[in-house]
Amino acid sequence: YKLSVSPEMDIMEYCRKEWRGNTPAARRMRKGYEAVAQKFASIRRIRGDNYCAFRATLFQALSQATQLPRWLQSEDFTMLPENLLSKYDWIKQWQLRQKPGKGMGEIRDEIKEYLILLRQKWKNISEIKSPLEKQEACDKLFKNEEEEYSLYEALKFLMLNTAIELYNADKSGKRVPVFSWLLFARDTSSNPCQLMQNHLNHIGHSGGLEQVEMFLLAYALQYTIQVYRLYKYSTDEFITLYPNDPEEDWPVVTLITEDDRHYNIPVNMCQETML
């Protein structure tokens, strides 16, 4: 049994353990970790199983949640599966985790359950006032495999909904963010149906999130995802924001990656950076 989110470890101690050699890559990683250590004291390792971008983002969002996001409060939030399935017949090809080939009604009901669970967990954790208790509640949630993976299914469905909205907005001549063009410029995802079949259905099974899908996740959650990309140290892309022109009122979560495939999380902001 693997922990989904490992306990805190001193960030430079972690770096020394992982990057001992004297290759240019190891030196760059050490410099990158030193830069992160100016802002954060510790790191928590995220279990790597193709869900790590979801896991790291959601863990950070819940850890600092003080209220339910607006989009989670809306009346019709849990009606999303019903509304989308009534308009787009192809959504019945949605791959439920470990349950391929489900009927339309089952897909609708299961995804609705996942969305209700997401709202309930977010609400419960955001109402906890004590930082220590909030952290304990997050740790407990991410030790419950059944609930944890149900939440990732909810996130995937929210990404699909966001993709459909962006695609329709673009087709009707409205302004859409640049990443949306890139998302649908791929041979494998020229429309939301292909995006679902060739990408979203595979997340967590045979692959993780690609760069352009990190933007989609950020838009679906209405969060800015700030990522320290350690292998890009000393370039403009060392700290990358998804989206790169975030809305001012979106909360920010911070992740660390060494390769754009696996994500860990920095924790405990250093005191002087909090002034």
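Think of each number as a place in line: the chain as shown, counted from 1.
Backbone N, Cα and C define each Cβ position, glycine as well.
Please treat TrEMBL annotations as automatic predictions, because they have not gone through curation.
Quick caveat, the model's predicted, so the values are computed rather than measured.
Record features, source TrEMBL:
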type	residues	note
ACT_SITE	D49	active site
ACT_SITE	C52	active site, nucleophile
SITE	E237	site 'Linear diubiquitin binding'
ACT_SITE	H262	active site
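Recorded features from TrEMBL, shown on the structure.
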residue	record	Cβ within 10 Å
D49	active site	14
C52	active site, nucleophile	23
E237	site 'Linear diubiquitin binding'	11
H262	active site	18
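The recorded positions recorded for this entry are D49, C52, E237, and the Cα of C52 lies nearest to that of H262 (active site).
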